[in-house]
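Chemist: So that we are looking at the same thing, I have put the structure below in structure tokens.
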Amino acid sequence: MDGGLTAWLQVLGSWLIFANTWGLTSSYGVFEAHYSTVLLTDYTPSAIAWIGSVQLFLMMAIGLPVGSIMDRGRLRLLVVAGSCLQVLGMLMTSLCTAYWQVFLAQGVCVGIGSGMLVVPSVAVLPLYFSAKRMLATGIAATGSSLAGIIYSIMLRRLIVRIGFPWAVRVLALVMLAGSLTCAAVMRLRPGHAKRAPLQWRKFTSDSCLVSFTAAFTAMMASVYIPFFYVEDYALDLAIDKDTSFYLLSIMNATSLFSRIGSNWLADRWGGLPLALLGCIATSLILFFWRFATTLPALVVIVAIYGFVSGSIVSLPPAIIANLTDDVSEVGARIGVAYTVAAVGALIGNPIAGAARRFGQSVQVEYQGTWVFGAAVMVVAAGFVGLTLWLRRVAASCK
């Protein structure tokens, strides 16, 4: 455990999957801005956000069956099938001219393909790492930050030079290269016990896991709100298009450091205290976002938000693994948690968009969006605190 070429190749494979799943989600602001200003101008930002939210929802919602399939030894099947659906969905997106077409191609097809990859990317690491489990997950999670930077910049520049359809096709080709590498290097640990599907009763009887799953659901309802709306917010503040676009890249860049740092500290201090700190800090930044009405203030708050929210993506799967006594159940348990948390991912961003008050000043228009995100993250912090308390009570009773 905790080393060897094969183990670190799993980190590489997971890194690439994080890039093509969470990284793609972190880049959705580029799609949102293009759809709202060029392709789908007849639709509200909230309606357009449903495309990205459904993609995120399906990426997590099929976690239970995917986790069970993985625990039965079908990792390679999931990686190949998921990658094919992802690339197909992106290619179809490049051909779309109507809302329903984009919804099916990017929201549904890419979402299902991503869902077949997400759980394996985090569930395979506990099979190879124990003491360094949090660190390995944190390193893998940096894939989403780097991809969020690279994909968003690449898309923005290519859209200007060669148009949206070909820009998306180039992105699909890049994703295909990463997927082929994943299929080549990822494998289950030899001797991994194949388990029957996890029973819901067994899951619901674990109070710590239930409490943290509730926290994870609230996290997913809140954490991606700035990633979806920061570019629109900047444009409404009369910040030029090129500058507003780079705000998304800044947010992804600063999250890179916290994803490694928070997980490295979590191996020493525990994942739950770090997650609690991350939720509290994220909620505060979301609350004060409404006061960032100039470019310097917006750059500062975007940079801070990226840093404090990075742990929200990287810590949960490793925490769930640590809450699981039987390592052969890790895939199914992470899958259950992702399936439940998918509800938050589905409704959070559209509700935040619907909270906008059009016709008001920019600060007032987006006030409901930021306050909603802050309030939901406070709920997440409460459930993380409850999980930490339950964990300590359970430990004291042993």
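The first residue you see is number 1, and the count goes up from there.
A Cβ is built for glycine as well, from the same backbone N, Cα and C atoms used for every other residue.
The transmembrane segment annotation in TrEMBL covers 47-66, 78-102, 108-128, 135-154, 166-186, 207-225, 245-262, 274-292, 298-323, 335-358, 370-390. Residues or ranges marked as domain 'Major facilitator superfamily (MFS) profile' by TrEMBL: 207-398.
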Chemist: Do the transmembrane segment (274-292) and the transmembrane segment (207-225) share at least 3 Cβ pairs closer than 8 Å, excluding pairs fewer than 6 residues apart in sequence?
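Modeler: Stretch pair touches.
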Chemist: Examine the transmembrane segment (166-186) against the transmembrane segment (47-66) and state whether at least 3 Cβ pairs sit under 8 A, considering only residue pairs 6 or more apart.
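Modeler: With fewer than 3 qualifying Cβ pairs, these stretches do not touch.
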Chemist: With Cβ distances under 8 Å as the criterion, find the stretch in 78-102, 135-154, 207-225, 245-262 that has the most pairs with the transmembrane segment (335-358).
Modeler: 207-225
Chemist: Six or more residues out from either end of the transmembrane segment (47-66), which same-chain residues have a Cβ under 8 Å from its Cβ atoms?
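Modeler: Distal contacts: 21, 24-25, 28, 31-32, 35-36, 40, 78, 99, 102-103, 106-108, 110-112, 114-116, 118-120, 198, 220, 224, 228-229, 331-332, 334-339, 341-343, 345-350, 352-353.
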Chemist: Go through the chain and flag residues at least 6 beyond the ends of the transmembrane segment (108-128) whose CB is under 8 A from any CB in it; none is fine as an answer.
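Modeler: Same-chain contacts beyond the ends: 1-2, 4, 6-7, 10-11, 13-14, 17-18, 20-22, 24, 54-63, 66-67, 70, 75, 78-79, 81-90, 92-93, 136-137, 140, 182, 186, 188-189, 192, 317-318, 321, 324, 327, 330-331, 334-335, 338.
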Chemist: Determine the mean pLDDT over the domain 'Major facilitator superfamily (MFS) profile' (207-398), rounding to the nearest whole number.
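Modeler: PLDDT averaged over the stretch: 85.
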Chemist: By Cβ distance under 8 Å, which residues at least 6 away from the ends of the transmembrane segment (245-262) in the same chain are close to it?
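Modeler: Residues 26-27, 29-30, 33, 135, 138-139, 141-142, 144-146, 148-149, 152-153, 156, 226-227, 230-231, 234, 274, 278, 298-299, 302-311, 313-315 contact the transmembrane segment (245-262) from elsewhere in the chain.
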